[in-house]
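**Student:** Here it is, the structure, as structure tokens.
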Amino acid sequence: MEPSVLECLGVEIIGVMSPVSICMFLVVLLVYALSSPSSSAATITTAANLVYAENPTDSPAEKFEGALLNAVVFVGLIAIVTFLLVLLYYYNCTAFLRHYTRFSAFFVLASMGGSILLSLLQRFSIPLDAVTSLLLLFNFTVVGVLSVFAGGIPIILRQAYMVCLGIIVAAWFTKLPEWTTWTLLVALALYDLVAVLAPGGPLKLLVDLASTRNEELPALVYEARPTVATRTPAALGFIVAGVSDSEASRIELQVVSRDNVSNNDDEDDIDVNHGRSDEGESSPLVGGMRFGEDVINEEMSPLVEMSGIGDGEEAERVMREIGGERGIKLGLGDFVFYSVLVGRAAMYDLMTVYACYLAIISGLGCTLILLSVCRQALPALPISIALGVLFYFLTRLLMEPFIVGTATNLMMF
């Protein structure tokens, strides 16, 4: 019995939610592992808390005012950097942007990842000498950069390192003060909404430029692609792709249909209606894949296989109805800020962790549903962050006192 289209779409949605869940789970474990009762919570000084350093003796009004200033300054810096990236991309400085992205990944894995490794070694008193630690960190970093940016790398390794990047950055952001963290999450969700949907939004301008040039954006993006070999049924479809900048995240729907694929194994030419040029360039929203001039390897597998539907026109009609295209892509910023929210909730108790996790996953599911309906670029942060923040405070202020009160009084409800 052939699987239905909804079952195939469900597999792809799970393929996105699974790495997000793994990233959040590991960040929670890191928060618990690196926090000890004997040591006070150490905060870091970053661009997110340049203006105001939160003090426990400050009043709530002072904390909120200082956190608001920190959020405004941080979002402003992100907007300036993003517009600068737009200008560089507009003037064809693509090589510089690619090298900058590679350097960013190397810095995160080597510096920030090395700091977390050192903290773990000290926390659990693991006997490991400095030379061996540096050698392991160097190999981990080099393999990670090659896995994310080089070609011919197994997709599962690339996905694993993208999750590692999200875990490392999120673990650092959890060291921010509490008021600054919550205010910053809300501010970033609002900025993401404007940057993607506003006519002059920086991310919208960046993606429009890439679409006009039929080029791939140099960005850190997780791509949910299966690792099975490619097949050639009567008609194939691919479900939505999305691209995100590392500072603020978004997902995008791109229609890419595929018809009349030859059953000959030597035939590699694919008729793509949208998302490529006649010269065989890859779509700006489909990273690392070329059509026509390059051989399609095992990484380019169909995300929704429409075998046995009928002729090509019928298959294309069905795929257009469900928004069927190639894989769902989720930006690194989504992984980071989802995990920051859950990691901050883990500093309170596990009940808030469960509530925030369910809220974030529900928000991500709603975003993917809206994506298939609207079929245009959508921000991935606002719904999930709004639900996560709301559920955190509702759980902390209402549910936990109720549950604890009934449990301590041996009441059933």
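Yeah, the Cβs are placed from backbone N, Cα and C, and that goes for glycine too.
According to TrEMBL, the feature transmembrane segment maps to 12-34, 67-91, 103-124, 130-149, 179-198, 352-373, 380-399. Here TrEMBL flags 261-286 as region 'Disordered'.
Structural setting of the listed features?
**Tutor:** Sequence-remote contacts of a segment are chain residues at least 6 beyond its ends whose Cβ falls under 8 Å from one of its Cβ atoms, and for the transmembrane segment (12-34) they are 116, 119-120, 123-124, 159, 162-163, 166-167, 170-171, 174, 222, 224-226, 239, 303-304, 327-328, 330, 334-335, 338-340, 342-343, 346-347, 353, 357, 360-361, 364-365, 368.
Beyond its flanks by at least six residues, the transmembrane segment (67-91) meets 47-52, 54, 97, 177, 179-180, 182-184, 186-188, 191, 195, 202-203, 205-206, 209-210, 217, 245, 247-248 of its own chain at Cβ-Cβ distances under 8 Å.
Residues 13, 16-17, 20-21, 24, 28, 240, 242, 251-253, 322-323, 328, 334, 338, 341-342, 345-346, 379-380, 383-388, 390-392, 394-396, 399-400 of the same chain sit 6 or more residues outside the transmembrane segment (352-373) yet have a Cβ under 8 Å from a Cβ within it.
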**Student:** Taking a Cβ cut-off under 8 Å, which residues six or more beyond the ends of the transmembrane segment (380-399) line up next to it in the same chain?
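**Tutor:** Non-local partners: 182, 185-186, 188-190, 192-193, 242, 244, 248-251, 330-331, 333-334, 337-338, 341-342, 345, 348, 351-352, 355-356, 358-364, 366-367.
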**Student:** State the non-local partners of the transmembrane segment (130-149) in its own chain: residues 6+ outside its ends, Cβ under 8 Å from one of its Cβ atoms.
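**Tutor:** Residues 98, 101-102, 105-106, 109-110, 113-114, 117-118, 121, 157-158, 160-162, 164-165, 220 contact the transmembrane segment (130-149) from elsewhere in the chain.
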